[in-house]
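Heads up: the structure comes next, in structure tokens.
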Amino acid sequence: MDPDFRGDSDHHDGTSDATPGGYIEQRRPGELGFAIFLTLASLFLLYNAYGISGFKALSSPGSVPMATTLVMAVSAFIVTLRTSRLSKVAHETLSKDILPIMVILFIGFLIIFGLLLKPLGFVLTAALFLTVAIKVLARKGWGYTLTVALGSLVVIWIVFRVVFTVLLPAGILPEAEFIQFFRNLMSGGAS
């Protein structure tokens with residue numbers, strides 16, 4: 001295969017456009033920003049690791065976290081320097097090839113999911129998320145969307161809440177009554 005081939009004009013031919021090493025001697029959009037972010041995050045973690053116990057002795061509680069985050073910070077800084085020296089790929093953009101609008105949209109959906117999880121509870125938040133996500137991705141009618149979303153939610157809820165008894169945020173639904181109903185249904189059917 002030609003190493004310069006990147007699939008169709010949209011880079012979405014079913015293969016990965018994240019070829020190890022990327023483009024030779026060029027950087028893709030967002031690479032430098034991400035490298036800088038990693039460097040700053042590593043320095044922040046190094047600062048926090050130092051706050052554990054300072055650098056008093058090699059046997060102090062913070063020595064391993066400090067050593068680890070120091071290696072992270074140095075590595076990230078080297079990657080940032082190397083990346084900054086590369087020329088940009090001319091035919092790619094961040095919004096089209098790296099971070100398309102659909103990815104940004106779903107990042108927003110997940111943030112909203114996280115914010116609504118405690119006040120609304122898992123069932124309502126997941127129902128809302130699944131409905132909107134399936135409507136956006138499938139682009140089909142409301143009947144299909146609601147059937148798939150709510151059917152999936154029922155299966156997820158039964159598996160996690162009833163079978164495995166995972167504690168999920170209850171929110172505003174009387175979830176305990178639903179669980180007791182299903183337990184009574186299951187125990188009544190078994191005897």
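Cβ atoms are placed via backbone N, Cα and C, with glycine included.
The model shown is predicted, which means the values in this text are computed figures rather than measured ones.
Annotated in TrEMBL:
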type	residues	note
COMPBIAS	1-15	compositional bias 'Basic and acidic residues'
DOMAIN	35-169	domain 'DUF1468'
REGION	1-24	region 'Disordered'
TRANSMEM	32-50	transmembrane segment
TRANSMEM	62-81	transmembrane segment
TRANSMEM	93-114	transmembrane segment
TRANSMEM	120-138	transmembrane segment
TRANSMEM	150-172	transmembrane segment
Range from 32-50, 62-81, 120-138, 150-172 with most C-beta pairs under 8 A to the transmembrane segment (93-114): 120-138
Range from 32-50, 62-81, 150-172 with the greatest count of C-beta pairs under 8 A to the transmembrane segment (120-138): 150-172
Per-residue pLDDT averaged over the domain 'DUF1468' (35-169), given as an integer: 93
For the domain 'DUF1468' (35-169), the number of residues DSSP places in helix, strand and coil: 106 helix, 2 strand, 27 coil
